[in-house]
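Following: one structure in structure tokens, then a few remarks.
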């Protein structure tokens, strides 16, 4: 059992999603007391799939989740990219054992709720407080007061905002607004037995086409297949973030695509339609006693499948630095932002670029992209992501 030091300031984590729970688990492992304040009354026991790449899988293993991931997740054998019209192969990235040998961990496919449950199991009872919507923070030289929607307040030595792209703490610290990317996504789950030939071997499939792309992979423990169908949508009500997909809406958006895509989308009993937002990747989200993590700090479009992975990296680096800090957390929080900002800026930039590349209309640029893909999508080409070691101090 990790010894909790009484000499360090208690940390309040706002938000109990993947980012918040990983921050809490990492802090506790570093011997730092923390409380997670979650606005929901209960955690949802559902959700779409999520890809856990080796860069964050190694961290989850260090936190003690190797067994849970092997039980609840699927190891992907490959990432395959295909053409929208006829399903012709464009590229294949070998994963499986080559990935473990090269990067020290598998590439996992898991339902978001299962990863969330696994992280929650690392936390002692009482660490997470539900129905705790933080509405305001007041920072002082010696601490922070948190005020909640029910009129109560709490004191903390440090506050970490892990409350997602809608982050109230982000609004307090930075003051910018989310930016609509021009893309929306239909996400859904399909019973795997309705697609028997598509995933005989567990893998991630991409189909690229004009103004859109489709991603799909199995979530084997539940006998499900996840899909995300992204389309260019110049117009979207900025006040609406998501809504149930109307019957036939996703199928109509991808009419004319190959039979595999039609079968996949057509097999979904229900889907949800989301607008994809991000923000410019700017700094200034750390003060002497407050900072951000995950989408609150650096929301990004999902075209490198790195959003949650970067949140997990954030958590490990932040806890590593605070675990080595003295009673003044300010230098550790500033160093955390200094270390993370170049990394997340690069992932953020390349994610935006990849969205443009994925959606090229048929023509000279698309043909150039397709010709270059076999030599640009090899396992070694992802070393900058998968091989990144998020451990600045190395004390753990």
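Glycine is no exception: its Cβ is also placed from the backbone N, Cα and C atoms.
Checked against Swiss-Prot, the range among 332-351, 352-371 recorded as region 'Disordered' is 352-371. Across the structure, residue 39 (FAD binding site) and residue 217 (active site, proton acceptor) place their CA atoms 31 angstrom apart. DSSP states for the region 'Disordered' (352-371), grouped as helix (H, G, I), strand (E, B) and coil, give 15 helix, 0 strand, 5 coil.
Across 19, 38, 39, 112, 295, which the record gives as binding FAD, the greatest C-alpha separation is 18 Å. Sequence-distant contacts of residue 295 (FAD binding site), defined by Cβ-Cβ distance under 8 angstroms and a gap of at least six in the same chain, are 19, 164, 165, 167, 307, 311. Within 10 Å of the C-beta of residue 217 (active site, proton acceptor) we count 25 further C-beta atoms, all protein chains included. Between the CA atoms of residue 38 (FAD binding site) and residue 217 (active site, proton acceptor) there is a gap of 30 Å, rounded to the nearest whole number.
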